[in-house]
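Report on the following structure.
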Amino acid sequence: MRLLRTLLLFLTLIMASGLAGGPLQWAANAQQQQAEPIDYDAWERTALRAEEAVEAERASTPALEALRSDLVTWRQRFQREEDANANTIATVQRQLEALGPAPEDGGESAEIAQEREQLTARLAELQAPGKRAELAYSRADGLIRGIDQIVRDRQTDELLEFGPSPVNPTLWADAAKALIEGGTALVSEFRSNLQNQLQREQATGRLPALVTFGLLGLLFLVRGRAWSRKLSNRVLSDGQTTGRWIIGFMVSLGSLIVPLIGFIIIVLVIQASGLTGNRIRQLLQELVLAAVIFMAARWLATRVFPMDEMRGLPLNLTSEGRRAGRWYGASLGLATAVLHLFDGMTDVFGWSAASANVILFPILVTMAFLLWRLARLLKAHADAGTDDSGEETYRTKSTRILVRILVVLAVVAPVLALIGYFALAKFLLFPSVLSLMLLAGLLILQRVVVELYALITGNLEGAAESLIPVLIGAALVILSMPVFALIWGARVTDLTELWTQFVDGVYIGETRLSPVIFLTLAAVFAVGLVATRLLQAALKNTVLPKTRIDMGGRNAIVSGVGYVGIFLAAIIAITSAGIDLSSLAIVAGALSVGIGFGLQNIVSNFVAGIILLIERPISEGDWIEVGGQHGYVRHISVRSTRIETFDRTDVIVPNADFVSGTVTNYTRGNTVGRVIVPVGVAYGTDTRKVEKILHEIAEAHPMVLVNPAPAVVFQGFGASSMDFEIRAILRDVNWVLDVKSDMNHEIARRFAEEGIEIPYAQRDIWLRNPEALRGGGVVSARAQHKDTKGSHEARREHDVSDDAGDGDADGGGDGGPT
């Protein structure tokens, strides 16, 4: 088929373009064409001929394709000519800008006016070749579009052509006759060549070599798969590790390559015999393509539906389902190969449309049935991938969509062929099979990528979910898009046209955006970003530590350098790429309005972040309190600040809260802070003695500063105690809780040694109507519950009458009324 030939030609061109001399040769040709002046007379003759062909629409499709190729060459030359004298034009324009516009009152010297006139004339002379080339480019581009439209219309007409129905019984006899006549013609051609004495003598002289290579090819064809399978089993016999799987995959390629090489050798032997005519040679070429289709489909089926229960099966099917998949896949490949072969025989023998439809219809129906069976297997895989909750992954949903498309194609294609739209039926079914084969190949390549990544990183479990294999898989899908386009009828010229438009870019207003501009923008910005990061690292680790700037100031300088560096990198990248920002002024104005209304909180936080970096009321590592939250500042970003609380949770606070609210910074500038330790003693205790003991405890602690000296304050008289406070300045306020704990332990120990009592609260419980309690006994008691700190002596209970007047907890009755 022309479709398959085009696809193979495209792939061959891609491989040929990768040769070492290819790019150099193209560059040399481009330079030669650029050096040669454009012959506009020859272009005019070519353009007139193309316009006549487009208007008449009588030229054949190959003739139009040849004419289109000439027009593309002319268009490329015109495109290069548009940039002629660009540097000189820019220089003259700068000179005119330096002169400025001519004054309206005419008050200008004659020398300046003459110089302006000369520069203006020079500029027009320099711009003339580019303007002429621009006009010619537009004309060539329009003619190319016209030819493309004619070719597409013809392709559409061929697909929608209504022909005879293959189920018409009156056509069957003619179809059988055409088939028999074709076979008879091949036999007659072979006999005529065999009867030719010269050809027979040449074949006899080559007979030993032909027999040797023929047997070798037959051996490869018959035994190639068995050899590959045996070697693959030997590799995987000791376990399916990642390395062994990759080796086994490489060995399995032999089951495709070795038989195909054998078949090609046999075809070459037949051609080298000299006993083939034109028809036999054409059929041999079609037969080679058919063998490629069948063997590739069979190999893909064995990889997608493997025999062994190995890890990471491509499809979630049982062993019976995989066995059916291998059979259906190989059979579908065989049917597709036979369809391609007989379709080629139609062109070779010149069969009528009616005879071709009758001959090809059973093959097409067989393909549709096998495609439907494969769709059922894919549906079983999708059903097995759905969990009990009914949730489906993206891959499962994609598989279900593919199943629906295959089922529709398998049903619609035979119906169309039955009605009489046989060309449309072939167009739907044949590319569907090739697309399914390409999808299977992508699935296998993705598995190879995952295994290679697992082998390199050693992470077998997480390799399938890692980002790099996913990105490589996405790149493979993108690279396969041109192949899908060729399969579904796109021409190579269509793809080259799209590539040309992609390289040329698109215009947004007066600004041109192209891949070269984007690459320049990305490269310059990347260089600026790397330079900024290197400068930040140098300042942070080398320069700033040698200064007297505190840590908060260093972080602010490093952050500020980062913001400025990124901003400058973006401006330089945009300027280097040649993007005119003045044309985006309206967009920038609308964006400013949107920022003012919709993004005002983000902008306010951004401005507040800059203020924090400049004023530095807080710095990273400070202990602060904001909004009732205590914690350490861990990071100050553009929009918010991250605070780590004492229970190791992160609190994200918008920067605007620091600027507009109240913030308590306990460690701003230094870590010195005060600790207050309250303590109460029982009434009747010597207060001077208590004051002395507390002084000694405070002065003995290593975290307490000597200057200013710690102080002990007698705060006052509480409800059940005399209240004192230790007030001391600590070297590092971050240790305030540890210091409090240490002092409390020491106070408890010293008070116990000195016999100083720490009071505790007392509670009186009165029971009313005790006779109502269970048991009927009269209960009249008073219970006291006492909380003690630092005392382990048990207190005996007193009757309510004993302590009725003891309000100061000293055991006496003069504490006042209760």
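Residue numbers in this text run from 1 along the chain shown.
Glycine is treated like the rest: Cβ placed from N, Cα and C.
It should be emphasised that the depicted structure is a prediction, and the values quoted were computed from it without experimental measurement.
Pulled from TrEMBL:
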{"type": "COMPBIAS", "residues": "784-801", "note": "compositional bias 'Basic and acidic residues'"}
{"type": "DOMAIN", "residues": "131-179", "note": "domain 'DUF3772'"}
{"type": "DOMAIN", "residues": "601-668", "note": "domain 'Mechanosensitive ion channel MscS'"}
{"type": "DOMAIN", "residues": "676-758", "note": "domain 'Mechanosensitive ion channel MscS C-terminal'"}
{"type": "REGION", "residues": "777-818", "note": "region 'Disordered'"}
{"type": "TRANSMEM", "residues": "207-224", "note": "transmembrane segment"}
{"type": "TRANSMEM", "residues": "245-270", "note": "transmembrane segment"}
{"type": "TRANSMEM", "residues": "282-301", "note": "transmembrane segment"}
{"type": "TRANSMEM", "residues": "325-342", "note": "transmembrane segment"}
{"type": "TRANSMEM", "residues": "348-372", "note": "transmembrane segment"}
{"type": "TRANSMEM", "residues": "401-424", "note": "transmembrane segment"}
{"type": "TRANSMEM", "residues": "436-456", "note": "transmembrane segment"}
{"type": "TRANSMEM", "residues": "468-490", "note": "transmembrane segment"}
{"type": "TRANSMEM", "residues": "516-535", "note": "transmembrane segment"}
{"type": "TRANSMEM", "residues": "556-579", "note": "transmembrane segment"}
{"type": "TRANSMEM", "residues": "585-614", "note": "transmembrane segment"}
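Comparing 207-224, 325-342, 348-372 for CB pairs under 8 angstroms to the transmembrane segment (245-270), the maximum falls on 207-224. Remote same-chain partners of the transmembrane segment (556-579), defined as residues 6 or more beyond its termini with a Cβ less than 8 Å from a stretch Cβ, comprise 511, 513, 517-518, 520-522, 524-525, 527-529, 531-533, 535-536, 539-540, 544, 549, 610, 613-614, 616, 619, 636, 638. The domain 'DUF3772' (131-179): residue composition by secondary structure is 40 helix, 0 strand, 9 coil, according to DSSP. Residue counts of the domain 'Mechanosensitive ion channel MscS C-terminal' (676-758) by helix, strand and coil are 36 helix, 23 strand, 24 coil (DSSP-based). Confidence across the domain 'Mechanosensitive ion channel MscS C-terminal' (676-758), taken as the mean pLDDT and rounded to a whole number, stands at 92.
Within the same chain, the transmembrane segment (436-456) packs against the transmembrane segment (282-301): three or more Cβ pairs sit under 8 Å, each pair at least 6 residues apart. Here the transmembrane segment (516-535) has long-range neighbours at 503, 505, 561-562, 565-566, 568-570, 572-574, 576-579, meaning same-chain residues at least 6 beyond its ends whose C-beta is under 8 angstroms from one of its own. Proximity of distant same-chain residues to the transmembrane segment (207-224), defined by a Cβ-Cβ separation under 8 Å and at least 6 residues beyond the stretch ends, is recorded for 254-255, 257-259, 261-266, 268-269, 272-273. Broken down with DSSP, the domain 'Mechanosensitive ion channel MscS' (601-668) shows 21 helix, 25 strand, 22 coil. Using a Cβ-Cβ cut-off under 8 Å and counting only residues 6 or more beyond its ends in the same chain, the transmembrane segment (348-372) has close neighbours at 163-168, 171-172, 174-175, 177-179, 181-182, 185, 279, 282-283, 286, 328, 331-332, 335-336, 338-339, 342, 406-407, 409-411, 413-414, 417-418, 422, 425-426, 429, 432-433, 436. Remote same-chain partners of the transmembrane segment (401-424), defined as residues 6 or more beyond its termini with a Cβ less than 8 Å from a stretch Cβ, comprise 158-167, 353, 356-357, 360-361, 364-365, 368-369, 371-372, 374-375, 378-379, 382, 432, 436, 439.
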